[in-house]
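Asker: Mind looking over this structure? Questions follow.
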Amino acid sequence: MDAVCGQIIFPHSIIIYKTITTEVVWFDCWTRAYIHEASDPSRHVTLIDSDLHSPEGLALDWVQHNLYWTDSGDRTISVASADGSRRRVLISTDLSEPRAIAVDPKRGFMYWSDWGTRARIEKAGMNGVDRQVLVSEDIEWPNGITLDVVGKRLYWVDSKLHLICSVDLNGAHRRVILSSSERLGHPYALAVFEDRVYWTDREKEAVYSANRLTGQDVTSLAEHLNDPHDIVVFHELSQPAAPDSCNLNGVTNGGCDFLCLRAPQISEHSPKYTCACPDGEELSPDTRQSVTSQSDSMAETTLSSLLTSSPEEPAISSNTTAEHSPTQVSSTTPDSLSNLSHHCKCGSVFPIVATVVFGVVCAGVYLVYRNWRRNSTKSMNFDNPVYRKTTGETEEDEIHIGRTDGLAVKGEDDSRNTVTAGSRTDTWLPSYAGTEWHLAS
């Protein structure tokens, strides 16, 4: 075990361990891309070697056997099965510089520190739900955090304020364990076991311990180290046994086809676990199986239809109208085209709008033309019985009113008269005195 303990305090690494199998898991921060599992150097196994940017903190769910880690490079908190074969991003919003992480499988919560512009310590369910802020005041650089599972308290070190503090698991009853720039040069990570708190100091290149209740009796445990980072205490009491909710009554992995994650135990009615899907997928209605998310499926279907479908597809029912009825796909259309019909509806809006605009323009042109024709019509006013022209023409022209020889008269009101003015003859309808007579050109 000396070799294992020698790697517990290892420069530029973030480590955890499994007490039952005596295995150690760590990030190799020099390569920035590996998580290893080993009980001796001959059994190093690479678990995850992709999509790791700047891993900062690492924690083990020793009951459900899942790994949790923070990544300040892409500002995420992720989870993976212990063998690294199944993984998912749990939290990817409102994270600035996520640092350390700790888990409590018995109660179903995970805790992490964030030393970004709005430094804080938060917690959420181990399935990523029910997120809460525990500490957001009088905090600057919260680096390491650790849990006293038995005492139900969370401890952290603040490298800028030179503090070791603790709160209960709801963020209340805050205590300052140790405050000293001399004792705490640049504390980075810490661990708690029984009545002692242990921490690494990168400035002093040493490991110290003190009474976890009073902060007294500060003791140097190791000195002249090369930039020590993480530290853990190797003891089975630090990982107390708890029921494995995902593997009860003969049900393996909770019946989930991907990940089974411990749910936060807020009340006695809280679910014991929830299933989780790979990134980009979502749970089916049975909450056990993973299916492609609707948004991704719609995007893929639309792209596929644009590349492969002919102009006649999909078939549209014959009784569908463009203006009054929505576009309908034939009942024999397969389900994979259901999203495509939605996009077809959206695509049909443009020709409809163009048709309406064209009709409005035509109607406007017609009204303008009719108004122009009406204004261009010449008119003459006569006062019976003299029938004098009032259009301003000279009165030298003779006007003869009489019935034409070949004109058929259907009635008194329907008879037609002929007006001769010089060499021009017009036919028009008579009217009573004061009536306006319109002369067509």
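Cβ atoms here come from the backbone N, Cα and C positions, even for glycine.
Taken from TrEMBL, the feature compositional bias 'Polar residues' covers 286-299, 316-334. Look at TrEMBL and you will find 300-314 tagged as compositional bias 'Low complexity'. Marked as region 'Disordered' by TrEMBL: 284-334. Per TrEMBL, repeat 'LDL-receptor class B' is recorded for 65-107, 108-151, 152-196. For 349-369, the entry in TrEMBL reads transmembrane segment.
Quick one: where do these features end up spatially?
Answerer: For the repeat 'LDL-receptor class B' (65-107), the list of distant contacts is 14, 16, 25, 27, 35, 37, 47-48, 52-59, 113-118, 124, 126-128, 131, 142-147, 149, 154, 156, 169, 189, 240, 242, 258-259, 261-262, 264-265, 276-279: same-chain residues at least six beyond its ends, Cβ to Cβ under 8 Å.
Listed as Cβ neighbours of the repeat 'LDL-receptor class B' (108-151) (distance under 8 Å, sequence separation of 6 or more from its ends, same chain) are residues 57, 59, 61, 66, 68, 70, 77, 79, 90-91, 95-102, 157-161, 166-167, 169-171, 174, 187-192, 199-200, 212, 230-231, 237-238, 240, 261-266, 270, 273-274, 276.
Each residue in the repeat 'LDL-receptor class B' (152-196) gets a DSSP state, and the totals come to 0 helix, 25 strand, 20 coil.
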Asker: Averaged over the whole of the repeat 'LDL-receptor class B' (152-196), what is the pLDDT?
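Answerer: Across the residues of the repeat 'LDL-receptor class B' (152-196) the model's pLDDT averages 96 on the 0 to 100 scale.
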